[in-house]
Amino acid sequence: MTTTDQIPSWKKLSLFAVTWPIFIDSVLRMLLGTVDVFMLSRVSDTATGAVGLANEIIFFCILMFGFVGIGTSVAVSQYIGARREQEASRISALAITINLIFGILVSLVLVSFGEPLLHLLNLNPEQIGIASHYLRIIGGFIWIEALSYAISSVIRSTGHTKSVMYVTLGVNIIHMTGNYLLIFGNFGFPEWGVTGAAVSTVISRLLGILVLIVILYRRIPAPIRHKDYVTWNRSYVKQIMSIGLPAAGEHLSWQSQYLMIISFVNMIGVTALNTHVYVMNVSNYFMALAMAIGSGTEIIVGQMVGAGEKKAAYHRLIKSVRISFILTLVIVSIASLFRYQMIGMFTNDPDIIAVGATIFLLSIVLEPGRTFNTVVINSLRAAGDARFPVMMGVLSMWGVSVPLAYVLGVHFGFGLLGIWIAFAVDEWLRGIIMLLRWKSRAWEKKALVKPLSVSDVSIETQA
C-alpha cells in the first residue's frame, strides 16, 4: 500500500474542488428545462405555460428517482470513507437496477395517466392539449433520467464530480441544437414546435446516459460484476432505503404542496401562472449554488462520518453554511438589479414584467433561507439522520406554506407575491430548525457503516 493510499479519502477532497463542477452541472441541468421554456416563448405564452406545468410533473417524478440516488450517495460516500470500496461498488450496482425498474414503472404511469394528472392543475383545455402531448413523449422515456440519476450519484460520491459535469454539458449542447432544428424547422428539419422540444430532450438524454455508463466503469472504486446488478442484498437495500425513503417522503411532500400551491396560482389567473413559470426558471439558478455546496458538503461529510471523523464533519457543515449563505445573498442581490431585464428575456407583457420584478426583490429574503435549509438537510442525510428532516418538512410545508399561500395569495388578494412570501416563511423556518438539529449532534449516532482499521484495509486489499 502506498503512502497516498493510506491518506483517508475525505482528506483528498476540498469543498471547492468538489462543489464547482456540481454547481456548473446543476446550472446545465436547469438549462434543459429553461431552454424549452425560452425557445417556446417565441412560439406563444400559452405553449410556454403548458410546457412549464408539464415540466412540474416531470420534475416531481425526477425528485422521486432521487430517493434511491440520495440513499446510494450517502451509503457509497460512507463506505468509501470507511475504506470498504468493494462494498461501495456492490451497493452501487444494486441501486442502479432498483432505479431503472422504478423509472420504467413511472414511464408507464405518465403515458397512461398523464392527462388526468394535468386536469388536477386547473389548466384550460388548450393548455391541457399541449401539455399532455409533451408529457407523453418526455414521460415515456423518463426511465432514462432514473438511470442517469443513479449513475451520476455513484460517480459524484467517489469525488469525480467533473465527469458528470462534462456529460451534462454535452447533453445541453445536443439539446439546444435539437431545439433550434426541431422547434422552428431550421435547415430543412420539420417544424414541430412543442413536439420538437420533447423529441430533442429525449435524444440528448439518451446519448448522455450512454456516456455515463462508460464513465461509471472507469471511476468506480472496485470493479462491478454483472451479477451485482441482479444480486438482492437485503442489507444494502435497507441502507439505501433508510436514507432514501425519508428523503423521498420529504421530496414528495414538497412537490405535492408545490403542486397544490400551483393550483392557487391558476386560481389567480393565466398572467400569474405565466409570471410564476418565468420567475421560477430564473430562480432555479439562484438555488444552484446552494444545491452545489449542499451536495459537495454531503459527499465530504458522508466520507468523514464513514471514517469516524464526527468532529471534522460537524465543523465542515458549519463552514459550508456560512459560505453558501453569503454567496447566495451576494448573487441574488446583484441579480435583483437586473430583474426587469431578466423577465424581459421571456416576454414583453408589462403586467408579467411588473409582477415578476417584484418577486425577484423578495428573492433577496427567500433564497438565503433556502440555502442553509438545503445545505444542512443534505449533511444530516449524509450522517444518516434522514427521518428528522422529513418529519419537520411535512409539518412546515402543510402546516405553514400551503395555508399561508392560500390566505395571502387568494383570500387577502396579494396574488403571486403573497404565495412567494409563504415560500420564504417555510424555507426560513425549516432552515433554522435543521441547523438546531445539527448543533444538537443527535446525528452522530446514526452512521450506516463503521470504518475498517488499517490492518483490515490491508487484508481486504490483498484479498
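Every residue, even glycine, has its Cβ placed from backbone N, Cα and C.
Record features, source TrEMBL:
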TRANSMEM  12-32  transmembrane segment
TRANSMEM  57-81  transmembrane segment
TRANSMEM  93-113  transmembrane segment
TRANSMEM  133-152  transmembrane segment
TRANSMEM  164-185  transmembrane segment
TRANSMEM  197-217  transmembrane segment
TRANSMEM  258-279  transmembrane segment
TRANSMEM  285-308  transmembrane segment
TRANSMEM  320-340  transmembrane segment
TRANSMEM  352-369  transmembrane segment
TRANSMEM  390-408  transmembrane segment
TRANSMEM  414-436  transmembrane segment
Using Cβ distances below 8 Å and needing 3 or more such pairs, separated by at least 6 in sequence, tell me whether the transmembrane segment (390-408) contacts the transmembrane segment (258-279). yes
Could you tell me whether the transmembrane segment (57-81) and the transmembrane segment (285-308) have 3+ CB pairs under 8 A, leaving out pairs under 6 positions apart? yes
Sort out the residues at least 6 away from either end of the transmembrane segment (133-152), same chain, that have Cβ-Cβ distances under 8 Å to it, and list them. 50-51, 54, 57-58, 61-62, 65-66, 68-69, 72, 95-96, 98-100, 102-104, 106-107, 109-111, 114-115, 117-118, 164, 194-195, 197-199, 201-202, 205-206, 208-209, 212-213, 216
Per the 3+ Cβ pairs under 8 Å rule, pairs at least 6 apart in sequence, do the transmembrane segment (12-32) and the transmembrane segment (164-185) touch? yes
Which range wins on Cβ pairs under 8 Å with the transmembrane segment (414-436): 57-81, 164-185, 258-279, 320-340? 258-279
Tertiary contacts of the transmembrane segment (164-185) (same chain, 6+ residues out, Cβ under 8 Å): 21-22, 24-25, 28-29, 31-32, 35-36, 39-40, 42-43, 152, 155-156, 191-197, 199-201, 203-205, 207-208, 211-212, 215
